[in-house]
Amino acid sequence: MAGLQLVTPASSPMGPFFGLPWQQEAIHDNIYTPRKYQVELLEAALEHNTIVCLNTGSGKTFIAVLLIKELSHQIRGENGKRTVFLVNAASSVAQQASTVRTHSDLQVGDYMSEDMTSWPEEMWNREMIENQVLVMTCHIFLHVLKNGVLPLSKINLLVFDECHLAITGHPYREIMKICEGCPSCPRILGLTASILNGKCDPCDLEEKIQNLEKILQSNAETATDLVVLDRYASQPREEVLDCGQYQDQSGLSERLLNELDEALNFLNDCNLSVHREDRDPTFISKQVLNDCRAVLTVLGPWCADKAAGIMVRELQKYIKHEQEELNRKFLLFTDTILRKIHALCEEHFSPASLDLKFVTPKVIRLLEILHEYKPFERQQFESVEWYNNRNQDNYVSWSDSEDDDEDEEAEAKEKTEANFPSPFTNILCGIIFVERRYTAVVLNRLIKEAGKQDPELAYISSNFITGHSIGKNQPRNKQMEVEFRKQEEVLRKFRAHETNLLIATSIVEEGVDIPKCNLVVRFDLPTEYRSYVQSKGRARAPVSNYIMLADSERTKTFQEDLKTYKAIEKILRNKCSKSAECNDFELEPVTDDDNVLPPYVLRSEDGGPRVTMNTAIGHVNRYCARLPSDPFTHLAPKCKTVEMNTGGYRSTLFLPINSPLRVPVTGPVMNCARLAEKAVALLCCEKLHKIGELDDHLMPVGKETVKYEEELDLHDEEETSVPGRPGSTKRRQCSPKAIPECLRGCYPVPEQPCYLYVIGMVLTTPLPDELNFRRRKLYPPEDTTRCFGILTAKPIPRIPHFPVYTRSGEVTISIELQKSGFSLSAEQLELITRLHQYIFSHILRLEKPALEFKPVEADSAYCVLPLNIVEDSNTLDLDFKFMEDIEKSEARIGIPNTQYTKQNPFIFKLEDYQDAVIIPRYRNFDQPHRFYVADVYTDLTPLSKFPSPEYETFAEYYKTKYNLDLSNVNQPLLDVDHTSSRLNLLTPRHLNQKGKALPLSSAEKRKAKWESLQNKQILVPELCAIHPIPASLWRKAVCLPSILYRLHCLLTAEELRSQTAIDAGVGAQTLPPDFRYPNLDFGWKKSIDSKSFISCPSACMEEDDDHCKLGTSSDSNHTAPESCSMEVSQPPEGAPNTPDEKLETLTLPVTDLNKDCFPNLPNGTQADSDDLPHRSDVCQCSQLGPLERDLSTQTTTSVSVRPSPAGEPQPWPSDECTGRSSDLCDPHVKKPTSKHCPKSETATSTPAPSETSSEDCRSACAGPAWDSPKTLGPNPGLILQALTLSNASDGFNLERLEMLGDSFLKHAITTYLFCTYPDAHEGRLSYMRSKKVSNCNLYRLGKKKGLPSRMVVSIFDPPVNWLPPGYVVNQDKSSTDKWDSDENKDLANGKASDDEDEDDDDEPEEAEVEPSKEDVNVEDDLEYYYEHIRFIDSMLIGSGAFGKKISLQPTDPGYEWKAPKKAHNSHFSPDGGADEFDYSSWDAMCYLDPSKAGEEDDFVVGFWNPSEENCGTDIGKQSISYDLHTEQCIADKSIADCVEALLGCYLTSCGERAAQLFLCSLGLKVLPPEKQSSGGSAELQYGWLKIPPRCMFEHPDAERTLNHLISGFLNFESKINYTFKNKAYLLQAFTHASYHYNTITDCYQRLEFLGDAILDYLITKHLYEDPRQHSPGVLTDLRSALVNNTIFASLAVKYDYHKYFKAVSPELFHVIDDFVQFQLEKNEMQGMDSELRRSEEDEEKEEDIEVPKAMGDIFESLAGAIYMDSGMSLETVWQVYYPMMRPLIEKFSANVPRSPVRELLEMEPETAKFSPAERTYDGKVRVTVEVVGKGKFKGVGRSYRIAKSAAARRALRSLKANQPQVQNN
């Protein structure tokens, strides 16, 4: 082996760093990274007449089109010249013309028919005027020239397609003759692909080229792809090794040859006459034996034996399937021969082990070469593993720049590694080329065998690939498909370096994507030039060897061939533009030039970083490679070297246009070209370092090492023991629940001034009839004067009125100051305190062991007490008399034990029972049930017939069951209702969270049920005690927890608002005295039916969102907004309030309405004036139309505004509103809805609130009403919405606001970064942006701002997680309420459950009338189930019985609900455990998942796994223990969401500037700070962003260059209807990074970064404000459907952006070309996905068309350009873009597209599984999705994401085809 000196990477002078074959692109160290050859050809063509010799047709068009575009400024305008494109055949005219049309906006004429030669001159003149580019056949052009129609002087460019024809006598020749005589001859471009065919003689070749050059007066530039490889890569070392003859000592080889030759002769002699169409019967046999013989001669007997074994197996298959007897005999004959060979071999060697005596010298030589590549010890195999693990993803999304920022960090890590030497240095990456398939297969076996026997070769992991079936166009059968797959797997492994040696047939020579190899062995010599060059070109690693193995007899002849090849190569290389000088010095040894110029040294110490002459070029290349670019562009520096007259050389270096160093760098004069290039690179490194583009190690600065540290205010990571990544959903932390300052420590003190507030309650929307199943009478709270008040020592700020939903309908609550400054005595206060405790402990039964009443210590302590009208003053005051009466009553706590006897019978007094709560005295003594008297049945007595057959009469029932005797058998009976156990009245029971009615079990059934006596609870007055608290007050008491909770939340929000007013200067710190925000409402009305609103969008804006949807009015008018719509129907005060009031009332003038409804509200009037106009009234009025319609069919109250589907009862709107929140999953569960609705629902619900907001937004922009609040800040209701998570199941949540905030945040930060760092390129900007908008950062800021404790995280469930005022959590006992302890939990809930059970009559026995327990007392069936479930759940929660499905769906299976997979964020803090969640636990924890629910009602079911989702911490599996009453547990990500939602809230209420100030106050800089003026307050003032000053570089004749570059853009401006004031922005928006001719502006990347955020914000804002009030789920889907590259690219093509696009990138050109063709055929927009389908039928081609990201980018960059050009006006951008996007927005809003992947996962959540990516042989990615039981589907694309969605699309198509019933939503 001595003769062979291989330079393996480790021994290379460049050091191990360059040996890594996988450095994705090797970086050259002493030549500038070469650019794509097409680019260089274009450059040449721009400089002089050129003949382009290319191998492919496509490359030629690219060069021709780009050249035409580059010179197009000469052909536009009045006396522009014309460009002529000549083709040889008429058939190619149309094709070339259409390519030019596609890629430019020039007018193209095509002329091909012979009769055009007879056209009169004026026709030609007209054509010349109309068209700028003329594509014609050479004959027509010749005619035109001869007739002088178009003089040559009017032509700027003449393109000859297939110009080699000019050598023969062809019209081209004559055309050129005419040109020769002409002084002003046009520029000439010749295109040819056929200069080299097969073997040709170098002399002929040279002559042919010279001849052509002469005729066309051009220089031939063969960047044929043939040389290109050489020219670029460092040349591999070529060796021809003569291996000598095989010495056949044993004679085995000879015997085998004889056998085979004899057999072959026999086959050849059988001259069977075969019909032409029949198969030759000996064909297979000959083929097999020839292959075997070839293996024998090339590899030797050992391999021939292996080959024979393989062949025998293959023959068996043929024999089995062969029908023809004769053919079969030949196959059997062959089989015998092969077996004979095997037998002969066995005599000489054992087939098991490899014996080198029986292989040829070539094989031995090959093994010796492989020995040389053995890695050093330390990195045997793990190195490969290490490598694979490191780079795994590189192979997948190697270029998918669209991946989100999430991956950026990961990527960064990877890149840095790639720049430094890896831990192992000498790894083989080699290919062995052989001629035949069998040679490859067997050689692979041999190498594997050798590896087993020779430890030195153990490092080799080889595989083979054969070209069989890789042909793209052959029909593929199953088996080929399998083969094909195998090959791809082989290639994948080779690319991933899992295998390091590939044995291949010529297939791998061209067109297959494989890594750069450092060893290429031609086992069989190349037979033609192309094969030589292609295989040599595979050795592209910087240190590589190209070894050709020859036998002695062929060595001589081959040496000759090799000379020929080298000569051809040389000729071609000389024709290669600019290549000559590179090669000369590439080959000479690296001399030490370092002393020519001193190195640039950073620090003088030894080994300090330095750049020397020799390393400078490498540094520049490496820098360029790190600039941002897309998969198609490899940025490289451009160096021009000129010879000076003085004799030296000077180079000028141009960096890619997106580098901040834009000025060309000119180097010193040196005495040779190579030194000049090195010197200029050295200078360039110095400049790059000085401007901060190279770091102090002189490596390119990554985007991470930003020089803008201040931007990334690096915060110390907080230390917490909490596991999980900060900012993620997985990490949860506890925080105390906030208590508003005004409620802290405000317990009244004797003799100190107090404030008394009245809790006003007005029924604004009575319950509609259809929901009033029991036909209960409604009890408007305003009918009785006694009510509750709040007594406190501190004033309470004004807050919006808000609704609660009782059994009577929607009640609007107001908190009004009644009197202040008075004081009370100690006795009075004690009485009040006792009564306060009595309300919470006895009436509401909220006291439990964990809570103690200690008003003085409690965090929030104020008194709740009864008020009544004082004598006749008509003013409310404290009702001391009533309090004293209660104290005295015996029924106050227990059950009085009055005994009635026959002597002292019971006497019935009707008036005692009119407004009474009664207690049965004969059961449940510890916690007696309390009932409202609903009706007195005077026609029934205890002797009436008992409803069920077991008992005759009621008296008998009581006697039998309880042994009770009645003293009065004539008393009437009482129909009673349970007092309410539902204490969460925040949202209505009958609606889901979206404000849609829940499907009810049919109304008729229910009515029937409640009307029959059987289903009523009937009690006997004598057996009951009357409670001292009247029913009317009791009903109000039930509302207290909800009212106080809502009050508390609104005050927290108000506090946040005034805090922000101080911090950010947005809004007023204190409100004007008479100001009140509009009511809180859920905005459902609006959304109820979008249609009604479309007419009046502004109508609904409510500003404060949540609250006031309708009521935007700022007054408190209690029109509860929600109620608004209903309100309409509500009669003026005097009218009887019965539900069936008919429509007329609707017509009331709105204003009165408001007044009437609240006649006595103090501030009822003010608002009307100003906001009504745009508030409810619109809704009201405009709604009348629709309302009327609806109403007529239903009773008024039900105004819900959406025509109800028949039979479905209308919900009461009011409820409606709330309902949303509750969205109960199961339709039936009425009651729970509100309270319990599973969190998830909430999620669904989200829409509501947000809806509201959207409106606001609009209003914000719009109406007058805004002025007032705008200056005050957002309505606390809206802030509350932003603080409410969907898990809280309230009537609103932050999701819609969050989406709006999210897009505004992105926009604000983007604009700030863009303006503040005019020099940072897009990669850096997006890195800074991703850091600032990351959830982790937002979470930090939100936490600093104190949001976690103010957020509303879990569902409000008074018995479980609400702390009544004046109570404290008793530490010792509190464990009972900790989330972790289960038993107590049960306790807690269990207990709750009883009282909750509103209807629970535990003892069915006494069903008074109840045959079936449930019927009886279920307030609504649901209520009952629900309670029940709750109870069960509470038990379950501890027991782990989660997997079971408890299905409670008595009715309506159609409404299936499915559960989600998300923890509803903080689900409520785990706490709620029991109760809380129970609801959801319905389906054993099934819960709705908003994220999945696509449309309103389809929810998705998943299973909730408490350990994960809920406890939040699943990480350490430890559960977080915390107190439910005073703490809440929140996922970090929810805090980040809340920050975005608050931003959305400020944005909609106060406008963009306020939102920016709000961000600055959080600590996110989005405005430049200003030095405050002396007079100003101390806090920081923020200025306005300034547009970056320069968009054009200093350049001698910038203006002229600009006009030259944008010639033709006028048409574009008129197309988009916007004229740029500064055209440089326009040019920049269309300049791709590869377009180096633009020397005056940057490329579009920065503008794209800006435009992307602007369009995202504008589109999101538009969708948010859509009157249809899309739900959050729909909003998300619409946003992703509209804001994505596919849509943008499609629109860009539709509006011709591609015709003005400036790029020099051949691959990009082709992708755009394909895409444009595709769009033209489709001619309609596509949804969601980046890979629009090509055509539905061609199933075989599972690849989708690729969407050129650059097209989407320029669509965005133009938006950025307009924004900057218009002085940062979003309106201007939207005026230009809305018309383009409108059709799509409308189309998608009507039918929301979902991404195929998501749709598939929703359709088959359990069964669809995506495979990891595989690489296909041409470098694309393939993904397979398996839908278990329904098949596997594959998709292919340039990135994993694209391939994945292609696979999903195929799967969907197939699934939908097979089951038509899959509804396509």
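Glycine is treated like the rest: Cβ placed from N, Cα and C.
Residues or ranges marked as domain 'Helicase ATP-binding' in Swiss-Prot: 41-213.
Taken from Swiss-Prot, the feature ATP binding site covers Leu54, Asn55, Thr56, Gly57, Ser58, Gly59, Lys60, Thr61, and the record attributes it to sequence analysis. Cβ neighbours of Thr61 (ATP binding site) (same chain, under 8 Å, six or more residues apart in sequence): Gln96, Thr99.
Beyond the motif 'DECH box' (161-164), the same-chain residues lying 6 or more positions past its ends with a Cβ under 8 Å from any Cβ of the stretch are 51, 60, 64, 85-88, 92, 96, 172, 190-195, 208, 212, 216. Annotated motif 'DECH box' per Swiss-Prot: 161-164, in sequence order.
Look at Swiss-Prot and you will find 397-417 (among others) tagged as region 'Disordered'.
The compositional bias 'Acidic residues' annotation in Swiss-Prot covers 400-411 (among others).
Annotated domain 'Helicase C-terminal' per Swiss-Prot: 419-588, in sequence order.
Residues or ranges marked as region 'Disordered' by Swiss-Prot: 713-732 (among others).
According to Swiss-Prot, the feature compositional bias 'Polar residues' maps to 1111-1128 (among others).
According to Swiss-Prot, the region 'Disordered' annotation covers 1111-1142 (among others).
If you look up Swiss-Prot, you'll see 1190-1259 (among others) marked as region 'Disordered'.
Marked as compositional bias 'Polar residues' by Swiss-Prot: 1192-1201 (among others).
Among the features that Swiss-Prot reports, compositional bias 'Low complexity' is placed at 1240-1252.
The region 'Disordered' annotation in Swiss-Prot covers 1373-1417 (among others).
According to Swiss-Prot, the compositional bias 'Basic and acidic residues' annotation covers 1374-1388.
If you look up Swiss-Prot, you'll see 1394-1409 (among others) marked as compositional bias 'Acidic residues'.
Per Swiss-Prot, the feature Mg(2+) 2 binding site maps to Glu1648, Asp1753, Glu1756; the stated evidence is similarity to another entry. Glu1756 (Mg(2+) 2 binding site) falls within a helix when secondary structure is assigned with DSSP.
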Within 8 Å of the Cβ centre of Glu1648, Asp1753, Glu1756, which other residues of the chain have their Cβ, at the recorded Mg(2+) 2 site?
Tyr1644, Gln1645, Leu1647, Phe1649, Gly1651, Asp1652, Phe1688, Gly1752, Ile1754, Phe1755, Ser1757, Gly1760
Give the number of CB atoms, excluding that of Glu1648 (Mg(2+) 2 binding site) itself, located within 10 Å of its CB.
24
The motif 'DECH box' (161-164) - residue tally per DSSP class, helix then strand then coil:
2 helix, 0 strand, 2 coil
Here's one to test understanding: among the binding-site residues Leu54, Gly59, Lys60, whose C-alpha is closest in space to the C-alpha of Asp1753 (Mg(2+) 2 binding site)?
Gly59
Across the motif 'DECH box' (161-164), what is the average pLDDT of the model, as a whole number?
84
Cα-Cα distance linking Gly59 (ATP binding site) and Glu1756 (Mg(2+) 2 binding site), given in Å to the nearest integer
29
DSSP-derived structure type at Leu54 (ATP binding site), helix or strand or else coil
coil
Which is it, of Asp1753, Glu1756: the one of these binding-site residues whose Cβ has the most other Cβ atoms within 10 Å?
Asp1753
Near the Cβ of Gly59 (ATP binding site), how many other Cβ atoms are there if near means within 10 Å?
23
So Lys60 (ATP binding site), by the Cβ count within 10 Å over all chains shown, scores 24
